[in-house]
2 protein chains.
Amino acid sequence: MAIPEFELIRRYFSSAWQQAPVPELCLGPGDDAAILQMSATDQLLVSVDTLNVGVHFLPDSPPERLAQRCLRVNISDLAAMGGEPVGFTLALSLPDVDSEWLAGFSQGLAAAAREAKCPLIGGDTTHGPLSMTIQVLGKVPAGQAIRRDGAQVGDLIYVTGTLGDAAAALQVMQAGSAQLSSENVDILLRAFYEPTMRIEAAMQLRGLATAGLDLSDGLISDLRHILTASSARSRSNLGAEVNVSALPVSSAFKQVFPEFQQQVERAVSGGDDYQLCVTVPAEKARQAESLMADLSVPFSRIGEIVTGEGIQFHNEQNEAVLIHTQGYQHFADSV
Amino acid sequence: MAIPEFELIRRYFSSAWQQAPVPELCLGPGDDAAILQMSATDQLLVSVDTLNVGVHFLPDSPPERLAQRCLRVNISDLAAMGGEPVGFTLALSLPDVDSEWLAGFSQGLAAAAREAKCPLIGGDTTHGPLSMTIQVLGKVPAGQAIRRDGAQVGDLIYVTGTLGDAAAALQVMQAGSAQLSSENVDILLRAFYEPTMRIEAAMQLRGLATAGLDLSDGLISDLRHILTASSARSRSNLGAEVNVSALPVSSAFKQVFPEFQQQVERAVSGGDDYQLCVTVPAEKARQAESLMADLSVPFSRIGEIVTGEGIQFHNEQNEAVLIHTQGYQHFADSV
């Protein structure tokens, strides 16, 4: 049986984090990152993720790209909360000492660290099946973190960049790319291995976005996280209406998935995009759009938070669109 | 070829942590924990460790004890620096969802978290070979962390508790315990699975200890870390003289290793004890001893920092004692 990771953690470990609440802990497990109050003015964000060989990546994945992806994915969690990276630790398990692999991996790591201004501050290297756990630390002015639980009825839903490129990349890696130009293959592989870290964009959205996260599990799953957390906090039933015609997709993605319905399904269910998904009150929408334009960050309004439950999809003509796929879940049988 | 973990990290990842030095980073990889300046008055300590099945523990290890050990070992790193725990994250890879195992593991985790006042603040659960990476965060008043690099000639060397109990436990687990009482078996297994976290002791030693760490790799290896770091910082050659008759060992340990030379070898080379090893200037020795006595923490003076190189061992009669074993090294062939 597939049990989602958050459910696993919640069920078994709730006692471990309730045992000893400390005054510094503002937000525990469940959001992209935990929040700790470090001083009157600053909060610390903490996020951790593991990638295992055979589960999250293939054994022959190029080490440089793997490192890039691993660090970027983690920094994306901080970025989604409006955090500024401070540093990261790396726990690396290696089956053997392969100098060439290590050189490539460390180069990829250094490149992503440089781009994010997020240095390696510590680590542990052990013997074992190839696995990497990265924990990133970031900071945010007290109370300004973008959490998952602040969405309200009437808020507009935005995503950055394009959706589904990582899903298209996986399709290409698994089934080949006969019909694609090498340029488009490159665009998709880069989307998968080097997802854009929306650090500056999310920092600009502090105070404007009522809720937000990065799209790791796919829009359906992740938007549900916002709805669930925000419903619980506001003690009301929040749902979402999403216009499938407004979903931003790349031309490379469209080449891989030529059918429109297929495009919609993959765009809303494909994981690993690490784009931001935020909710913004209507009266702040213009300001948010303008700030993103200044940063040249594509920022698409795809829907609205409504009273109700779940996510309803519709097209440009406001006709209901049925989605058959579910969001990505860890502990699934496939990659 | 066995390459020590710190050498691996240093060689390949130095560029990743030099790429983007941030003003907050006071101490990077190499000590028990990294130090980040979070405010004018407080520093954050960050430490990470991984335990892999088949490398650091056996597949049939009792989950509750495994969790205890995993968290305690990590918190010990913070404690060794005089840090006060703030919280920890857990990255857990599981081959399957085994409710019984998870219940035991989470109970052990909760027990150690409660004792250390260190709550779980976040985590990641993924599919893969059994592996756990714990990262602990702690805090220390600015500038008061006990680092590895402050030892000076004339400082006295102390250890807490007893040495070699974890090595004796491994011996018992591997070769049986026919000659031991069940009480002594229990003492040794507890030393291995539930090492004492010297949180309060190390906090009391702030400002008294010039250098310190927790004994994870064995006294020889770990004392060398202090000598190497302190020699580099003071630009002098520091060595150590250790009185083997002063090494504190338990009666259970002596039952497992009845020969005196064997006791000495195991006490100085056995890893996984997680006792503190600190250097204290002679003029502060009485104060330190008194504070440890108040906490009922066994605190044995085992030697002295001298001008020279390496560690010289001698007995009560000041005769040289030759040690044949080396300290524990990761990436070795055996567990």
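Any Cβ shown, glycine's included, is placed from N, Cα and C.
Automatic prediction, not curation, is the source of TrEMBL annotations.
Owing to the predicted nature of the structure, the values given are computational and were not obtained by experimental measurement.
Some features that TrEMBL has for this protein:
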| type | residues | note |
| --- | --- | --- |
| DOMAIN | A:30-140 | domain 'PurM-like N-terminal' |
| BINDING | A:Asp32, A:Asp77, A:Asp214 | Mg(2+) 3 binding site |
| BINDING | A:Asp32, A:Ser47, A:Asp77 | Mg(2+) 4 binding site |
| BINDING | A:Asp49, A:Asp124 | Mg(2+) 1 binding site |
| BINDING | A:Asp49, A:Asp77 | Mg(2+) 2 binding site |
| BINDING | A:His56, A:Asp272, A:Tyr328 | substrate binding site |
| BINDING | A:Gly123, A:Asp124, A:Arg148, A:Ser216 | ATP binding site |
| DOMAIN | A:152-311 | domain 'PurM-like C-terminal' |
| BINDING | A:Asp217 | Mg(2+) 5 binding site |
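Feature map: annotations from TrEMBL on the structure.
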residue	record	contacts (Cβ under 8 Å, 6+ apart)
A:Asp49	Mg(2+) 1 binding site	A:Cys70, A:Val73, A:Asn74, A:Asp77, A:Thr133, A:Ile134
A:Asp124	Mg(2+) 1 binding site	A:Thr89, A:Leu90, A:Ala91, A:Leu92
A:Ser216	ATP binding site	A:Val73, A:Ser76, A:Asp77, A:Asp222, A:Gly271, A:Asp272, A:Asp273, A:Tyr274
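Cβ-based neighbour count (10 Å, all protein chains) for A:Gly123 (ATP binding site) stands at 28. According to DSSP, the domain 'PurM-like N-terminal' (A:30-140) comprises 36 helix, 47 strand, 28 coil. Between the binding-site residues A:His56, A:Arg148, the minimum number of other C-beta atoms within 10 Å of a residue's C-beta occurs at A:His56. A mean pLDDT of 87 is what the model gives for the domain 'PurM-like N-terminal' (A:30-140).
For the pair A:Asp214 (Mg(2+) 3 binding site) and A:Arg148 (ATP binding site), the Cα-Cα distance reads 10 Å. Cβ neighbour count for A:Asp272 (substrate binding site) (all protein chains, 10 Å cutoff from its Cβ): 21. Separation of the C-alpha atoms of A:Arg148 (ATP binding site) and A:Ser47 (Mg(2+) 4 binding site): 15 Å, rounded to the nearest whole number. Binding of ATP is attributed in the record to A:Gly123, A:Asp124, A:Arg148, A:Ser216, and the widest Cα separation among these residues amounts to 31 Å. Closeness to chain B is evaluated for the binding-site residues A:Ser47, A:Gly123, A:Ser216, A:Asp217 by Cβ distance, with values under 8 Å counted; counted residues in sequence order are A:Ser47, A:Gly123.
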